[in-house]
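Features as listed in Swiss-Prot:
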type     : residues                       : note
BINDING  : Lys261, Asp266, Asp284, Glu345 : Mn(2+) 2 binding site
BINDING  : Asp266, Asp343, Glu345         : Mn(2+) 1 binding site
ACT_SITE : Lys273                         : active site
ACT_SITE : Arg347                         : active site
Amino acid sequence: MTEKPTIAFAKFAAPKKGSVILLVPEGGNLGQAATAADPAGVMPKVFAAAEFKGKLAATVEALAPQGTAYDRVAVIGTGNPSALTEQSWLQIGGAAAAAAKNAGEVTVIADVAGLELSAREAANIGLGILLRSYVFDKYKTRRDENGIKARDKKFTIQCADPNAAKKAFAEASALGDGVYLARDLVNEPANVLGPVEFAAQAKALESLGVKVDVLTEREMKKLGMGALLGVAQGSVRPPRLVVMQWNGGKPKQKPVAFVGKGVVFDTGGISIKPAASMEDMKGDMAGAAAVVGLMHALAARKAKTNAVGIIGLVENMPDGNAQRPGDIVTSMSGQTIEIINTDAEGRLVLADALWYCKEQFKPQFMVNLATLTGAIIVALGNSHAGLFSNDDTLSERLTAAGQATGEKVWRMPLGSEYDKLIDTKNADMKNTGGRQAGSITAAQFLKRFVDDTPWAHLDVAGTAMGSPSSEINQSWASGFGVRLLDRLVADHYEG
C-alpha cells in the first residue's frame, strides 16, 4: 500500500519544532490555544496583509513569529461556523496536508474560536490529511518533486480530548486505508495488474479475517458463466471471480452484498476503442477496486455486519479467439445475450457476478459499482455517480450517504420504455441499446439479473478516475465508493 504519514493526537501545548497550523473561522479570530502559539500577536497583521478572511480551506503561510520555537506557520480558514459539515473537516485536513507539503514535523492546533471541536471532528481532520497525502509515485525514479515522503511526515493534532480523538481516528484510519488500497489498484498499470494479480491483492485481505475464495476459469465454466467468460476469451490472461466474506454480524444475519466490475484493461475488443486516451482503460476495474477497498475498511474497523464482496476480473482484448459482434452467449442465469458491441463488456461481467451473488448468498441487498458507460459522464459530469435502483429505500440511503461523505450520487430513471431497447429477435436480449439513453439501457440490462433482490447500480465512470482534483484527492484514481458504501453500512446495517 502507498506510504502514509503518521498522525497522532495530543493535548494543547506550545509547539517546539517544525511547522504549525492554526485554524480561524470566517471573519473571526484565533482561539485561545492558537493565540498561545502566537505570543507576539503578529498573525492578525498577517491576515490583514494577505486579505485573509477565513474562508473554508483558504490558507495563508508565514515564517514563525518571533519568540516561538517552531519554523513556519500556516493558517487555514474553517469558513462559516454554522455551515461546517463532516466534509468541511476533511477539506480542512486536506488543506493542512497541502500547506505542510515540505514539512516533516507538523502540529495542527485544532482550536477554533467559538467552537468546541468533537473527537470525531478532530479525527476527520486527520482523515483529510491522510486522503490528501496520497501520492502514487512508485514508478518514478526521481520523487523529490512531491516534497518530503509521506512515511517521513508526522502530524500531531492538538485537541481537547486526544484519547477520544485517537479512538475515533482508528476507524477513520481503517477507512482511509481502504481508500488508499482502491486508489492503488486503479492507478496500477495493467501490465502489472492482471486478473490473477488483482485476485492476489484481494486474497491478502485474509490477514484481516476476510474469507476469500478465488474461482478459476474452469470453475466458472462449470457454473455456466458464459457472459463473463465470453469477454475474457480474447485475452491470454485467465479470468477470475473473487468472493470475499466478512462475518462480523450475527451468525444467521443475511449479508449485505457489493459487486464490482473488474476489467483490468479494456481495449474494446473487436469493437476496438480509439487510440486517444485508451491508456485510461487500465482503470476500468475501479468498481472492483472500490469493493476490495470497502471490504478492507469493514474488516479493519471490525464492522458489526455480514458483508459479501464479489468481483469479476477479466481483460478485454481483440485477438483471434476474441468474442465477435453477432455472437450469442448464455449467462449463468440461463438467459441468452446477443453481442452487438464487444465494448459493452462490463455489463456481461456483472450479469454473471450479480446472478452468482443472488443465488449463492440471498443478500439483504446488492450494490454493484462499475465504470460502465461514457453516457453517464455526458449526463452527470464528474461530480455525481449515476444511481439506478429497483428499491426506493436503498436508493434514499445511498443518496444520504453520498451527501454525508461527499461521494455524491444522482438517481436516474428505469422503466419498460427503456427495457425494450435491449430486446432482440435473436436472443433474450442484446448487450447494448444503441446511442440513446446509454447509461439507462445498461442499467436495464443489469436489472434482468437481480430478480426481486433490492439492488442498486452505481455507474462511477465519471467519478472513479480522472476526476478534478479536490482538497482530499490529487490522484488520478479517487477511490470513489469506499467511503460512500462504508457510510451506508455504518448508518443502516450494523449491530
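Cβ from N, Cα, C; glycine included.
Remember, predicted model here, so these are calculated numbers, not experimental data.
Where Swiss-Prot records a feature, it is marked here on the structure.
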residue	record	CB count, 10 Å
Lys261	Mn(2+) 2 binding site	31
Asp266	Mn(2+) 2 binding site	26
Lys273	active site	16
Asp284	Mn(2+) 2 binding site	28
Asp343	Mn(2+) 1 binding site	19
Glu345	Mn(2+) 2 binding site	29
Arg347	active site	28
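A gap of 14 Å separates the Cα atoms of Lys261 (Mn(2+) 2 binding site) and Asp343 (Mn(2+) 1 binding site). Listed in chain order, the residues near the Mn(2+) 1 site other than Asp266, Asp343, Glu345 are Val231, Val263, Thr267, Gly268, Gly269, Ser271, Lys273, Asp284, Asn316, Thr342, Ala344, Gly346, each with its Cβ within 8 Å of the site Cβ centroid. For Arg347 (active site) paired with Lys273 (active site), the C-alpha to C-alpha distance reads 17 Å.
Within 8 Å of the Cβ centroid of the Mn(2+) 2 site, not counting the listed residues Lys261, Asp266, Asp284, Glu345, the chain contributes Val231, Gly262, Val263, Met281, Met285, Val314, Asn316, Gly346, Val349, Ala370, Thr371.
DSSP classifies Arg347 (active site) as helix under the three-state reduction. DSSP assigns Asp266 (Mn(2+) 2 binding site) to a strand. Among the binding-site residues Asp266, Asp284, Asp343, Glu345, the ones whose Cα sits within 10 Å of the Cα of Lys273 (active site) are Asp266, Asp343. You'll find the Cα of Asp343 (Mn(2+) 1 binding site) roughly 12 Å from the Cα of Asp284 (Mn(2+) 2 binding site).
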